[in-house]
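Chemist: Below is the structure I would like to discuss, written out as structure tokens.
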Amino acid sequence: MRYLRPLNSCLRGIRSGSSFQPLAQSLNTRIRYSSSFAKTDMESINTTERLAGLRELMKKNKVDIYIVPSEDSHSSEYIAACDARREFISGFSGSAGCAVVTLEKAALATDGRYFNQASRQLDNNWLLLKQGLQDVPTWQEWAAEQSENGKVVGVDPTIMSASDARKLTEKIKKRGGNDLVAVEENLVDLVWGDSRPSRPKEPVKVLARKFAGKDVKTKLEDLRKELLKKKSSGLIVSMLDEIAWLFNLRGNDIPYNPVFFSYASVTSSSATLYVDSSKLSDECTAHLNENGVSVRDYSKIFGDAEVLSQSLDAEDTKVKKFLVSSRASWALKRALGGDAKVDEVRSPIGDAKSVKNETELEGMRACHVRDGAALIEYFAWLEHQLVVEKVKMDEVTAADRLEQLRSKQKNFVGLSFDTISSTGPNAAVIHYKPEPGNCSIIDPNAVYLCDSGAQYFDGTTDTTRTLHFGEPTEMEKKAYTLVLKGNIALDVAIFPKGTSGFALDVLARQFLWEEGLDYRHGTGHGVGSFLNVHEGPIGIGTRIQYSEVPLAPGNVISNEPGYYEDGSFGIRIENIIMVKEIETKHQFGEKPYLGFEHVTMVPYCRKLIDETLLTRKEKHWLNEYHADIYSKTKDFFKGDELTMSWLEREIEPL
């Protein structure tokens with residue numbers, strides 16, 4: 001759960017001499033994309049002129065209400081700067097939300113992670129719809145309410161999923177409104193004009209088998225078996241991480257996510273990658289040819305989809321439908337012929353990708369040890385700078401140092417998201433993003449929350465630790481310990497196969513709930529293997545979709561409960577855990593039982609733990625975990641007395 005910095009490239013410090021060549025500047029230079037709309041993260045901008053321009057275009061297109069989603073044409077959570085339309089029109093830079101603009105009003109809807117941030121960033125042209133709160137309408141409900149009396153609602157069909165378009169249409173119809181209108185030219189792009197960033201054209205690289213663990217031919221064979229089971233003519237793939245995983249390729253088009261703009265189609269006899277071929281090296285082209293994958297230009301997907309749709313009519317078969325992800329765009333589904341020829345499903349590629357193979361699992365273990373060593377060195381250094389050297393250090397300078405330490409680790413590629421380095425009240429902003437010139441000096445007498453991660457060739461990391469370099473208050477210690485207890489409870493959980501993350505969420509919240517406390521974000525998200533740090537379809541939380549996908553051995557997921565007091569402090573503890581089978585004395589109903597293996601190797605903050613709130617079992621678990629960290633990371637600190645001293649102090653048994 002974090003915000004994506006709008007940069008033109010995401011893998012910023014790729015090691016020279018590796019199979020991936022440097023795609024950006026040195027890690028010693030912090031790169032930032034600066035567009036006409038980009039301002040500091042917590043500063044509002046005046047959107048009056050932009051809204052006026054948009055409303056003029058709405059009138060010309062005979063649209064009364066215009067929807068501006070966060071996503072790009074691939075339903076990406078994290079997007080390239082050229083696709084940050086919702087941010088441009090609203091000024092809100094969070095990674096989740098939807099803007100609804102009428103000829104008189106404008107509303108921005110977002111979830112609890114971003115209430116604080118949105119309140120700071122939206123100017124007085126905007127109404128904030130706090131999703132999930134009682135008596136607050138969803139953005140669909142608000143848009144439908146505005147559509148009464150025959151008003152027309154429009155959207156760019158390439159950036160709204162077919163399922164979202166259908167749900168919105170249903171809401172509008174219930175209000176007596178018209179059908180949702182597909183506006184073929186994006187109106188925000190027209191307002192943005194020449195200042196809109198260009199689309200990235202970064203090179204695509206082959207991911208070696210020693211990191212991928214499974215070759216492309218095997219993945220295609222497995223996928224075709226799934227298509228046969230579903231009696232489908234083929235699958236059209238629009239999710240960028242699914243395409244990268246399927247073809248063992250990695251790119252650099254979206255910040256922090258090693259993916260590239262593309263589509264793909266797979267049938268029983270063919271596989272096609274739709275991509276700008278100028279981005280493919282000779283190695284990529286040969287790799288695709290060897291695996292029976294043809295290449296077509298990215299722009300050809302919609303025309304080819306129409307041809308595929310027509311081919312179904314000519315086939316002498318009972319199989320009459322293509323599969324698309326439930327997150328595929330409305331435009332793509334229309335090109336394929338709509339409901340008559342398309343089934344929206346949970347992607348079989350997404351399901352396969354979420355179950356890591358043994359090579360990927362071993363890579364996740366290894367990269368988390370190296371990443372943990374970098375974090376341990378960072379926290380030891382930071383404490384020394386603040387407490388001993390009395391350095392006045394801001395949040396960005398500290399984050400830069402952490403990135404530098406990570407860059408020294410084997411297989412390092414870049415960050416997996418923009419580091420959340422937050423002191424005191426900033427830590428209560430769940431997706432806080434410090435910027436140079438608009439960040440705080442780290443206060444050693446306040447809570448410091450650091451949520452950070454990296455991309456390595458052998459895995460993706462995401463770790464949050466909350467520290468205190470002075471004397472924490474009793475409430476800070478209590479909150480931290482309650483969050484820690486929830487983190488431990490989830491880590492040690494044992495549950496029958498078929499259990500979902502929805503069912504496990506209560507384990508992490510239970511101790512906070514006993515005190516009448518809670519947090520407004522999910523407890524866990526899936527994590528990719530040198531792919532997106534947020535990966536579906538699994539998750540741990542209260543979202544209903546998490547009840548639909550049971551956890552399975554090989555899943556990699558985060559465990560990150562928290563607690564936040566606006567204007568005061570924030571607590572979050574995050575480990576990455578892997579689902580595995582557990583040997584139990586009994587197996588009721590002959591059903592296997594599952595549990596977790598933690599791979600994050602960073603100690604908890606000793607100073608913030610209230611030992612009186614921990615049980616004997618929790619203390620034992622904590623001591624065992626800290627001993628494991630020490631044994632796996634100590635060799636990284638030979639000759640480094642400062643770091644070794646800090647580590648030994650933090651892991652001293654309770």
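Using N, Cα and C of the backbone, Cβ positions are placed for all residues, glycine too.
Owing to the predicted nature of the structure, the values given are computational and were not obtained by experimental measurement.
Okay, so Swiss-Prot annotates it like this:
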type    : residues               : note
BINDING : ASP451, ASP462, GLU574 : Mn(2+) 2 binding site
BINDING : ASP462, GLU560, GLU574 : Mn(2+) 1 binding site
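I would like each feature placed in context: is it buried or exposed, what are its neighbours, and how far apart are things?
Modeler: DSSP assigns ASP451 (Mn(2+) 2 binding site) to a strand segment in the three-state reduction.
Classification of GLU560 (Mn(2+) 1 binding site) by DSSP places it in coil, neither helical nor stranded. GLU560 (Mn(2+) 1 binding site): 27 other CB atoms within 10 A of its CB, across all protein chains.
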Chemist: Have a look around ASP462 (Mn(2+) 2 binding site) and count the other CB atoms within 10 A of its CB, chains all included.
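Modeler: Within a 10 Å radius of the Cβ of ASP462 (Mn(2+) 2 binding site) lie 25 other Cβ atoms.
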Chemist: Distance between ASP451 (Mn(2+) 2 binding site) and GLU560 (Mn(2+) 1 binding site) at the Cα atoms, whole Å?
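Modeler: About 10 Å separate the Cα atoms of these two residues.
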Chemist: Can you give me the Cα-Cα distance between GLU574 (Mn(2+) 2 binding site) and GLU560 (Mn(2+) 1 binding site) in Å, rounded to a whole number?
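Modeler: With distance taken Cα to Cα, GLU560 (Mn(2+) 1 binding site) is 4 Å from GLU574 (Mn(2+) 2 binding site).
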Chemist: What is the interatomic distance between the Cα atoms of ASP462 (Mn(2+) 2 binding site) and GLU560 (Mn(2+) 1 binding site), given in whole Å?
Modeler: 10
